[in-house]
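Pulled from TrEMBL, these are the features on record:
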- 1-20: signal peptide (SIGNAL)
- 60-160: domain 'P-type ATPase A' (DOMAIN)
- 176-199: transmembrane segment (TRANSMEM)
- 211-232: transmembrane segment (TRANSMEM)
- 579-601: transmembrane segment (TRANSMEM)
- 644-666: transmembrane segment (TRANSMEM)
- 686-707: transmembrane segment (TRANSMEM)
- 719-740: transmembrane segment (TRANSMEM)
- 752-776: transmembrane segment (TRANSMEM)
- 906-945: region 'Disordered' (REGION)
- 906-919: compositional bias 'Polar residues' (COMPBIAS)
- 924-935: compositional bias 'Low complexity' (COMPBIAS)
Amino acid sequence: MALVMEAAAIVAIALSNGQGEPPDWQDFVGIVLLLLANSCIGFYEERQAGNAVKALMAALAPQAKVRRNDTWVVIEACDLVPGDVIGVKLGDIVPADARLIVSNNTSIDQAALTGESLPVGKEVGDEIFSGSTVKQGEAEAVVIGTGSNTFFGRAASLVQSAGDDIGHLQTVLAKIGNFCIISIAIFLVAEIFVMYPGFKYRYRRGINNLLVLLIGGIPIAMPTVLSVTLAMGAKQLAEHKAIVTRITAIEELAGVTILCSDKTGTLTLNELTIDKPTVKQYSHFSVDEIILLSAYASRIEHQDAIDTCVVGSLPDAKLAREGIEEMDFRPFNPVDKRTEATYRRLSDNTVHRVTKGMSSVVLNLCTRNKTEEQIKQMTADVDEYAMRGLRALAVAYEEVPSGNPEGEGSGFELIALLPIYDPPRHDTKETIDRAQELGVKVKMVTGDQLAIAKETGRRLGMGDIMFNTKVLKTGPPPGSGWEDVDQMVLEADGFAGVYPEHKYEIVERLQNMGHLTAMTGDGVNDAPALAKANVGIAVADASDAARSAADIVLTEPGLSVIIDAINGSRQIFQRMRNYSIYTCSVTIRIVLGFSVLVFAFKYDFPPFMILILAILNDGTIMTISKDRVVPSKHPNQWNLVEIFTYAIVYGTYLAISTIVFYIVILKTDLFQRLFGLEHFDDHNDWRLHSIIYLQVSTISQALIFVTRSNGFSYLERPSVILMAAFLIAQCVATFIAVYANWGFTNILGCGWHWAGVTWVWNMIWYVPLDFIKFGVRFFMDMYLRRHQGFVELTTPHDIPADEKAAPATVPAGDGSGEYEAVPTAAAAHRVPSYQPTRRESLGSASNQIERTATLQSYYAPHFAQYQPSGITAFANKLRQGKALFTKKGKRLAMDENELRRFHSVQTAQASQVLSQRQDGGTGAPSRGAGASAAGDYNLNRTTSV
């Protein structure tokens, strides 16, 4: 669009030069200044927002653990130099090229560099490369290359940056721009044929009229406004502890329908504790002695979550190595699923060995004092822990008579089961409820055992329809009622026993069903799914690999930050949508209004005045990036048919207001009789130019207050900065119209009386705009319902009395009692949630049907609070198209495919209500049969506990 404005500048300076008249310098300079102003404002705002985000991103810069002066310190990876000794562990991204000097079962994923699909084992002397990821074990290495001298750096230097991929948003902007350009082109061609062959206009006169359409119709500020809105939105999200690493993720986050959340650290505190009163003892050791032995089998440096929990349970962390000499230590790895320490007790110089890990693995190691009764008892204890949502960590002990750390021991003896519990965050349940209210289904995707996942889901109110990941391969069991794997994935509350490939597959299946999917994670095994998801979210304290793959990085733990980010992104989306409707409407009103005035009255509006109007308008509209908006209650999507429909209706209405005003002034004596104002005989009177300029400027800018609101515009308060910008711009426009005496552009001040009449005229025409908005919404919904196939929806009359929740029926707003509201419980039980069927909706009929059907659950809580009456009831019916109401004895209609496909959120809400009812309404989680399954602590990865 900037190119079109540049073309207009060339027209003003080159093509307008003819017939003895000088070039149109004022228009040329004005257009150039407008282009420069937009560029400068956009640059400044984006730079300010970018600096704020960069300051926070600096805190997330890759870190490296390095040994300097015999002390381990953490520094930024960019400060490493060759010769430094670094330490890496599971989940770390290698910060530099290095050669291993210590290696404990180290495995490195080099897929990003070499394309190898499997991790590569590394031994002492092998090289590890910058950018690769530690998949197993831990190691120390000496740095041999940094920056551009690394393997990764040398490869990167061969590739030029391709810039940001703005993808879907750019497609939308291009379509909006094309709509404006095509609209202008149609009327330009029409004017050319009417003015020159028809009216026999002089060359220069016609050029001036064409410039009016070009300058006034092109939304020159649109790219700047939308980019600034996104940049300011990124700054806003950063203030709410969500740092955006890919700017277009904001737009996609606003449309997210399903959030796949890792359990540990996101839904729970990730602060494991040992429940000492319920420790299961199988030998003579006391509870304190068992915990101390477990601490011996734990790292005191490079600790994982279990080691931190065990060592943290001691009165003093120093006790973990006090009185012993560590002779050998085997860290956790996903294959062995346990840790092991061999140590010498300094008090008697004897050697002992202790191991802790997955109960079944540790039990298989035990050979001493092992009986069938003990095995049954331990299995029962693990099941008991599982029913209580606890994880079982087995501990075994043996003596090493030979004193050789690699020698055979006397045989491991099972000494205890430690119950480990990661409590949910205090706000997780409330946050999940908020997410469901926003139309976002939260699914738990965890590596823990199925029974533990179900118990956590019940505690959090998520539901317990969860599956083991084996169903992704085997499909639904016969007779289960599930049609296929996709249906199970869509309607499940979560999955347990998940590996990286499972997370990736779950996200992919949801996307293939048309859902925008967000994925949270913290570990290295979350990275593939984070990269695959529409919006990857790395939670606080995530590994380097997870943060590299994510689109949004959280700096504060918990799910509530994500919901706040979703709300923030929806506010940003609303601002972009509101502006898009506004700018397309202004294009229509300019090209239609002034073209009709040319065709009907040969009216020649000065192009310089339309340029002044554009400059003041752009200055005002820039503030929309900071406007106060209410986030939508359902996922957002671009609906260009809706945007263009609003634009055509609004633009036509505003154009009519100008045309009628011009006719009344020129062809009648209304204002002369009412106010004693002078009559204009010349249809191109210079004072008439000032009056039309003020009328177009005032009501055009006022339209933004209509497009930014869902209800009555005067009831939804805009931001102070937007209102102030509007008032300042219109004060300037009014003073120009009243006092300007610019002969170079055929403008003469109209005086305060005409200015007052113009303001009153615009106020009168402004009032119906809200009703036009409600009417367009109503007729669009009615049209879509009439032109699509429908099936009947279940109404409150079909729900048994014992399944109904609190009554939520309300009489119709007209008091006739003809309509009644569908109860919210019924909506939760039977009506599908709003879920877009396609990633890129450009206003398809099916998506409009989804939107209409969702109005039941979306507006029911609001309408259940009061009985609308009078004009409010009428407006509400127009706004909703009576979608909330159904005639008594009849049923609402909805497309059958949409009814079957999109009901996951309401199903979860209904199952939660039924679960609470089964527990006597106490809200306590019920115990399903699955809760008795083994609740063994899953040691597939150290961060999933």
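Note that Cβ sites are derived from N, Cα and C of the backbone, with glycine treated the same way.
Counting Cβ pairs closer than 8 Å and at least 6 residues apart in sequence, the transmembrane segment (579-601) and the transmembrane segment (176-199) reach three or more and so form a contact.
Simply put, out of 176-199, 211-232, 719-740, 752-776, 752-776 has the most Cβ pairs sitting under 8 Å from the transmembrane segment (644-666). The average pLDDT computed over the domain 'P-type ATPase A' (60-160) stands at 80. Sequence-distant neighbours of the transmembrane segment (719-740) (same chain, 6+ residues past either end, Cβ-Cβ under 8 Å): 612-613, 616-617, 619-620, 622-624, 626-628, 690-691, 693-694, 697-698, 701-702, 704-705, 747-752, 754-755, 758-759. According to DSSP, the secondary structure content of the domain 'P-type ATPase A' (60-160) in residues is 16 helix, 49 strand, 36 coil.
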